[in-house]
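Peer 1: Got these off TrEMBL a minute ago, pasting:
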type: REGION; residues: 19-144; note: region 'Disordered'
type: COMPBIAS; residues: 41-52; note: compositional bias 'Polar residues'
type: COMPBIAS; residues: 59-68; note: compositional bias 'Basic and acidic residues'
type: COMPBIAS; residues: 69-82; note: compositional bias 'Acidic residues'
type: COMPBIAS; residues: 119-136; note: compositional bias 'Basic residues'
type: TRANSMEM; residues: 159-180; note: transmembrane segment
type: TRANSMEM; residues: 224-242; note: transmembrane segment
type: TRANSMEM; residues: 248-269; note: transmembrane segment
type: TRANSMEM; residues: 290-309; note: transmembrane segment
type: TRANSMEM; residues: 315-335; note: transmembrane segment
type: TRANSMEM; residues: 365-388; note: transmembrane segment
type: TRANSMEM; residues: 394-418; note: transmembrane segment
type: TRANSMEM; residues: 430-450; note: transmembrane segment
type: TRANSMEM; residues: 456-476; note: transmembrane segment
type: TRANSMEM; residues: 497-515; note: transmembrane segment
type: TRANSMEM; residues: 530-554; note: transmembrane segment
Amino acid sequence: MNRPVCGLGAFRMDLDLAQTEDAHPLSPSSPAAGSDETKETSLGSQVSSTSLEDTEDVGNEKQEGEKEKDEEEEEVEEEDVEGGSNREKRAEDIFASSTGPAGPDTVETCHASKNTIQKQKKKKKKGGKSRKKREAQRRYGPPHLDRETIKRAKVSMRIIAFFYHLSLSVLVATWTELLLKGFDNNFSKAAAFLGTCQGVERGIQFLTAASLGNLSDCVGRRPVLFASLVLNIISTLCVIVKPGPMTVLAYFIISGLSNCILAMLNAIVGDLAAGREELEGGLTQQYGRLGMAIGLAMMVGPMLGPSIQQFNVVYPLYISITLVIICVLICLSMAESLPPQNRHMKLEHSNPLWGLKKAMRYRPFLLFALPFFLSQLSESVYAFIVIYTKQRLGWSYVSVGLYISLLALTIAILQGNLRHIVPRFVSDKGCVLIGLCMHGVSMAIIGSAFASWMMFVMMLPRLLAGLKLPGILAFMTQGVVHGDQGIVQGSIMSLRVLARAIGTPLFGVVFGHFFDKHRIARQGDWISGITFYLAGAFDVLSAAAAIWVFYVLLKDGKDEGTRAKSGQRSIELMEEGREEATA
């Protein structure tokens, strides 16, 4: 007899025959088990009819099983490879339902099919874990750009960031020298005028930054970036044509109108990384690489600019304008990162106070806004570090540039290893308090410095002062929903710019009043450092405000309550956002 059909019908047929005749199944090659021909004939017809019915049942069951199998396998393929055990169990269920109770041949078929599934699963384990990552890499970025264009745009963006910030950092000592020549080496007047110039620049930047960002959302990033770079070239040309205090003031006014280049570069980073958020650290890595390019420029520029300035005071201006022209050429070759379908403009976003008003709805941001503002107010005094060290310590511009580069390097090392320090050795609260106190100590050391070695002693507390900003930002962004992170970050930048707009003119006036030679001769040399003492006083006030927040407002479990309130507020804001999107 031919091999019986593997399945439920064949198995029942064999069982019925075995019970009827107490013998093996009939086959053409074996003799009849009974002697009665009528019995043999009726038995044969019964077997034939039973086989036909069972074969039809087997075919129907197989068709249904194959359909279920196809549906189940499609669902299994969509799952992640990490659920391998579930997939194996599901495969066993599929074959059990499709083949029915197992005979010997059925078991062999099932085992062979299971081995095939296991081999396929092993292949998927090798390459399947990165399947989701490969799909994300294929689809990330703006839909109107291919992968090669996105790669070129990323490289171009980092080159622009490096050259632009290098063009700024080479001028670290140029403004001081131009103003000293314009005011006949009067350090008091030069300091006051420099503070006014930088205050005007920051004030204009605070008023126009939101409008320029909103404009870039409408027309694209590249036109706004191109216009800002061209304005920077025009402002530098004004100083080259006629160096003097008035052209320096014009430079800072135009720079305030065009000082959105870093914001545009950050926006381009976000555009190019669109759809890549599920990749581990994708967006963070892109911002980190951009920050590395900027940090490298800020370390090279202060050394390069004063070295060239020894030959002529305008030579750093030529280098600066050349670097910006290179940035313009690179910008022209870049593709627009913002897709046309994502371009829009909302007039309320052009209000510089709109983002601050919305960010103030978050309680952590509201509580730590004052400590952050006071700390940024204190850091405005660094605008006068060149003129201070030149007058009081007799440093050359080259020495000042080397010192600034060394200080920037130490701070960059600290920021790079911050993840090993927090929270292993110090908490976020400790970062805030230690950083603010150490910055106040460093300001006191600078103000009382009577020798050059004290400026290097100051580097240790200034290094620890680098802990304050990450700590404060960690608290300010606590409980912020994902959709409002950009608004909160923009509000933090607005607070920083506003603090510099107030701080630099304030310190310029104080510096100009107490840095007069006749006043120093009458009252003593200590009075020349009163500007830095004032900056240290702002740090003390900032630390006091932080202590008040930590130990009064958040005392006895109120910290958890604040977090709960901020989390509840986050949920409410998310619901409001959904309602606005639906409307």
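Every residue, even glycine, has its Cβ placed from backbone N, Cα and C.
What you are looking at is a predicted structure, and each value in this text was computed from that prediction instead of being measured.
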Peer 1: With pairs restricted to those 6 or more apart in sequence, evaluate whether the transmembrane segment (456-476) and the transmembrane segment (159-180) have 3+ C-beta pairs under 8 Å.
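Peer 2: Since fewer than 3 Cβ pairs under 8 Å link them, the transmembrane segment (456-476) and the transmembrane segment (159-180) do not come into contact.
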Peer 1: Report yes or no: does the transmembrane segment (497-515) come within contact of the transmembrane segment (290-309), defined as 3 or more CB pairs under 8 Å with a sequence separation of 6 or more?
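Peer 2: Stretch pair does not touch.
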Peer 1: Out of 159-180, 290-309, 394-418, 430-450, 530-554, which stretch has the largest tally of CB pairs under 8 angstroms to the transmembrane segment (315-335)?
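Peer 2: Answer is 159-180, with the largest number of Cβ pairs below 8 Å.
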Peer 1: With Cβ-Cβ distances below 8 Å as the criterion, list the same-chain residues six or more beyond the ends of the transmembrane segment (394-418) that contact it, or say none.
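Peer 2: Same-chain contacts beyond the ends: 172-173, 176-177, 295, 298-300, 302-307, 309-310, 385-386, 452, 455, 459, 462-463, 466-467, 470.
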